[in-house]
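**Q** First, the structure itself, so that you have it in front of you.
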Amino acid sequence: MRLVKTVAELRDAIAAFRRAGKTIGFVPTMGFLHIGHLTLVARAKAENDATVVSIFVNPLQFGANEDLARYPRDLARDSALLQEAGVDILFAPDVTEMYPRPIQTVVDVPELGSQLEGAVRPGHFAGVTTVVTKLFNLVQPDAAYFGEKDYQQVTLVRRMVEDLAQPVRVIPVATVREADGLACSSRNVYLSPEQRAAAVIVPHALDEAERLYAEGVDDPAAIEAAIEKFIAAEPLASPEVVAVRDPDTLAPVASLQAGPVLVALFVRFGSTRLLDNRVIGREKTAEQEAAQ
């Protein structure tokens with residue numbers, strides 16, 4: 001594996017792949033890798049000739065009072081994991097390499113990005129789509145791989161790629177979970193032992209939503225209220241977003257029985273926010289069945 005820290009060196013490496021006629025699979029990350037990231041890497045390796053992973057904690061997607069400074073970082077650990085996974089290029093720039101001057105050009109998907117997580121983290125998704133666009137420009141991947149845990153992010157990136165005619169396929173990969181059902185996340189490391197034990201309320205709430213749907217509950221507001229109450233019964237959990245939405249547009253829906261719906265959760269444990277989601281009413285893929 002080649003560790004690359006500059007844009008110039010990355011461009012040279014990508015040009016060499018292209019001269020050799022190789023397809024490129026790309027996994028953008030913020031580091032502190034877990035099995036979910038490595039699952040994305042494995043998929044990229046299986047479907048492409050060369051695999052590029054980026055590690056960059058992007059300041060544009062953090063708000064003023066968020067966890068940019070304390071976001072977990074361990075490049076040596078991550079490099080070892082990616083070396084073992086057979087990655088070809090690890091691109092790990094610092095902030096001045098990615099943003100040598102204050103950035104004035106922002107890529108925004110405002111309608112999709114202002115809902116759900118975007119409603120409690122204003123500006124977050126504009127930071128995401130801006131850095132993803134820049135990374136796509138640098139890596140020039142044939143395919144890019146994103147975890148479905150960040151469902152809204154995948155939806156925004158897909159729409160951005162469509163609107164801007166970016167020549168990359170966006171591949172969503174089923175959420176990878178811990179043994180007790182909690183979605184794998186770099187932020188899980190923030191949780192105290194008590195909070196970690198309590199955090200299983202999040203996937204359990206998705207199970208409860210699916211149960212209510214199976215029983216024929218049709219009113220989205222009733223589902224939202226029931227799930228918010230279900231989560232709030234855990235003293236350490238504070239639900240910030242509980243929403244039933246259209247899985248393609250993220251718009252509110254009038255009925256649960258008209259078609260598949262997305263149940264999106266954003267739950268705080270102390271200063272740590274965890275997100276999770278599930279599309280219910282749609283036949284699951286074999287990959288999604290295995291992940292759950």
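Using the three backbone atoms N, Cα and C, a Cβ is placed for every residue, glycine included.
Below are the features listed in Swiss-Prot for this protein:
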BINDING   30-37, 147-150, V176, 184-187  ATP binding site
ACT_SITE  H37  active site, proton donor
BINDING   Q61, Q153  (R)-pantoate binding site
BINDING   Q61  beta-alanine binding site
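Map these features onto the structure and tell me what's around them.
**A** For G36 (ATP binding site), the same-chain residues that are 6 or more apart in sequence and have a Cβ closer than 8 Å to its Cβ are G147, K149, T175, V176, A183, C184, S185.
Under DSSP, H37 (active site, proton donor) is assigned to a helix (H, G or I) in the three-state scheme.
For Q61 ((R)-pantoate binding site), other Cβ atoms within 10 Å of its Cβ number 21.
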**Q** Between the binding-site residues Q153, S186, whose Cβ has more other Cβ atoms within 10 Å than any of the rest?
**A** Q153
**Q** At a 10 Å cut-off from the C-beta of H37 (active site, proton donor), count the other C-beta atoms across all protein chains.
**A** 25
**Q** Hey, of the binding-site residues listed (M30, L33, V176), which one tops the CB count within 10 A?
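**A** Of M30, L33, V176, the one with the most crowded Cβ is L33.
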**Q** Including all protein chains displayed, how many Cβ atoms other than that of E148 (ATP binding site) lie within 10 Å of its Cβ?
**A** 20
**Q** Whole-number Å only: compute the distance from the Cα of Q153 ((R)-pantoate binding site) to the Cα of M30 (ATP binding site).
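**A** Rounded to a whole number, the Cα-Cα distance is 14 Å.
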